[in-house]
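Q: Structure incoming, see below.
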Amino acid sequence: MEKSNRRKRPSTPHLSCELCRERKIKCDKVDPCTNCVSAGVVCVPVHRPRLPRGVHARRARPMSPAFVPARAPTPVAGPVSSEEKQADASSGAVGAVDDDLRKRIHRLEAVVNSMRAAMQDPSPAPVSQVSCAYRCIVGGADEEQSVFNNSYPAPTSSLACSSSIPIHVQEQPPFTSHPDCFWTSLVGEVGNVAWANLDWRWDANCFPWVVDQIEDHGGDVGSSSETKSDTHSPLAPNMSKIGDGGLRFLGLSGNNPTLTWTPVLEDKEMTRQLCQIYLQQVDPIIKILHRPTVEKWMLHGERYLDYPERHVAVDALRSAICYAAAASLTDDQCSAIFQRSRSSGIVEDSRRACEAALERSGLLVSPSITGLQAFVLYLIARRSEDRSQAAWTLTAVAVRLAKALGLHRERDETFFSQQMRRRLWLTISLMDLQASFSQASEPLINTEEATSTFCLPQHINDSDMDPTMTHEIPDREGLCDTTFALVTYHIQLAGRALNFGTAASPQHKASQQQHAQRFEQNALRLLHFCDPESSPYAWFTWHGTQCLVSGARLSALRPLQLPQPSNSSSQPPPSPSPSPQEHNHELLRLALNVLEKAHLMHTDPRGEGFRWYVTMPWHALAVAITECSLCPDVARIQSAWPTIEACYQLLRLKGVAGQEEAIQRPLERLMCRARDKASPLLQLARHSPTFSLGSSAATSAAPTPRSRASSAPSDTLSDLSWPTAFSHAHSQLGVDLAPVGPVQPLAKLDLDSLLLQFDIESQPLLAGQIHPVDAEPSLRTWEQLMSDIDHAESNKLLP
């Protein structure tokens with residue numbers, strides 16, 4: 001009898017740890033095991049009875065262990081055979097397994113209850129009330145290893161949820177927070193229940209990502225590395241892919257587990273408002289979504305395309321739209337719409353929710369066009385509000401995913417799919433170029449590839465097509481939903497050729513002129529019938545195109561990366577060249593046009609809705625500072641310096657997107673030298689209230705330069721730097737492309753007269769050969785600046 005009791009209550013064995021089971025390697029079953037120590041990961045030991053095998057294995061259990069009635073003991077009437085003893089021992093082991101499974105289910109229920117309570121009560125719990133689950137979330141390595149041997153109930157953020165957690169758990173001492181251990185513990189709980197072959201679809205609302213995971217391969221069950229995959233499943237990909245990193249290695253997961261779990265944007269009214277903001281302030285610039293489809297989906301509650309209701313790609317896209325909208329808000333807009341400041345966390349919460357949704361979508365392992373659209377919106381929004389290199393780094397992921405989906409290849413598809421694919425690919429190409437400028441680095445998509453894959457979408461409105469359309473639609477004349485987007489698609493192609501040349505041959509210089517002229521012609525052709533006073537969007541499109549034209553011409557003279565000069569034997573016959581003084585004056589004029597337009601979009605009320613996308617053009621600012629410091633004309637310096645000073649202060653305030661020190665430090669030294677050289681020429685203007693030569697105050701204290709940017713449509717179209725970010729203009733929320741004031745009929749613009757002003761071939765500056773490097777001090781100064789930026793970037797990699 002004593003032996004039978006011992007047989008029924010065996011000691012819980014120490015099985016292979018989680019990582020060894022997943023990797024299918026032998027575990028030495030120490031705590032921690034040698035394999036986990038060598039791999040540098042947290043060892044998660046497994047303590048449970050061994051599963052029955054062979055004829056005694058019970059793979060399918062029709063009832064939950066919590067509802068299996070207890071079996072009455074069978075009286076022993078005579079001698080017990082060996083078969084009966086073996087069956088008795090097997091039933092005892094199964095009973096112990098049932099008890100362990102029941103406890104684990106109870107702990108999972110406590111996890112869900114505590115999280116629901118945390119969503120309802122945002123007040124944080126006192127540190128003394130935090131449950132034992134956070135013991136694995138915190139502490140050092142030794143503490144984590146010891147805690148992993150225990151059970152992991154859920155964290156609680158309020159006293160109200162403590163009642164749902166076992167008493168022995170509440171009494172555990174707390175630890176401080178550590179990023180992702182809690183989710184590791186929760187995954188461990190679910191993984192250890194998997195051997196029971198339970199179907200988690202019944203509780204998909206609580207665990208939408210735990211589905212199609214249950215595969216019993218015998219032995220240490222739950223160690224299967226092969227899981228089911230269904231790209232059209234409304235639920236997320238398998239948990240093993242998310243648990244072992246997913247997008248976390250890209251830095252997308254937040255450090256706060258509550259934020260990564262809590263659906264921040266569950267408020268339908270808030271989501272609706274953010275969608276309206278997106279349609280007004282983001283969609284006119286970033287044309288990767290179909291506006292009518294988004295309106296039907298997020299504003300009217302219809303399904304998105306043919307996706308099921310809970311598809312993770314659709315959830316990721318919804319979160320990305322809300323994040324992009326929140327990032328586009330100014331402080332005044334945020335206060336007026338949500339009655340809270342922008343710094344109160346609306347952008348941060350939206351970003352964390354978007355990151356969590358992207359992680360659940362399994363973008364890296366099962367990419368889709370919808371998921372990639374969400375990722376692109378995330379990168380654009382993050383670049384606008386984050387000065388780190390994250391957006392520049394993650395742009396490479398977007399490029400790879402786009403190529404994996406074949407977005408750069410033409411194929412047989414419907415007209416709607418073709419248009420959306422082309423828009424997405426060209427937007428990613430534009431992001432790649434913008435990221436290269438922010439880091440002063442080479443783009444991932446080179447000029448040859450960008451040219452060979454360049455297929456423009458149609459110049460139409462989104463309302464002209466729908467997902468069921470099969471026939472093509474001709475281009476429209478006049479301002480369309482895609483006008484500014486098409487301008488940026490043209491500039492991303494010209495920008496690569498203008499700034500990342502490979503040779504300084506005469507053929508290269510001639511092609512530089514051709515690229516700049518071709519872009520000007522294409523851009524101006526898109527502006528037929530465009531009245532800049534008809535709407536904020538038209539205002540921005542007009543002035544934005546001016547800025548891009550000036551920026552393209554500036555890049556033809558001062559590319560971001562200068563080509564290496566060729567040997568003397570290949571030099572062409574000498575041709576008339578402008579003097580260095582004339583050259584400097586033209587460079588200064590173009591750079592000032594760029595800066596004035598950028599400053600205008602940061603200050604004019606009509607640009608408020610698109611200001612989030614505008615970054616100060618450091619490339620044009622560096623050229624202007626260099627040329628102004630070498631210019632002997634006092635009147636020209638006095639006219640240019642207020643613009644330079646105001647833009648420099650704005651750059652210091654806003655920062656350079658993606659690279660703060662590597663560009664700003666050399667630029668600051670260049671600015672100091674320019675101030676020292678220009679100050680003797682500006683003694684009379686030093687005390688003028690118009691500007692302050694040595695001011696280092698914020699932008700509000702900086703001078704407001706005289707702007708030529710707000711003039712009539714007959715102005716010269718040469719005022720915006722394509723190397724900077726671009727922006728549209730919606731003046732106020734709630735006015736969707738509405739006229740700002742009374743609009744008079746505008747006749748068709750005289751395109752020939754506008755193009756005549758930009759006839760590059762008629763200008764000796766661009767028609768002639770660029771002056772030799774040794775004869776031009778400004779070029780040497782520019783080369784020194786680019787060398788300093790490259791040196792600063794290299795030093796960032798050193799310890």
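Backbone N, Cα and C define each Cβ position, glycine as well.
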Q: Given 67-95, 96-124, 502-530, 763-791, which one carries Swiss-Prot's region 'Disordered' label?
A: 67-95
Q: So which range, 17-43, 179-205, 422-448, 638-664, gets flagged DNA-binding region in Swiss-Prot?
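A: It is 17-43 that Swiss-Prot describes as DNA-binding region.
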Q: Provide the three-state DSSP residue tally for the DNA-binding region (17-43): helix first, then strand, then coil.
A: 12 helix, 0 strand, 15 coil
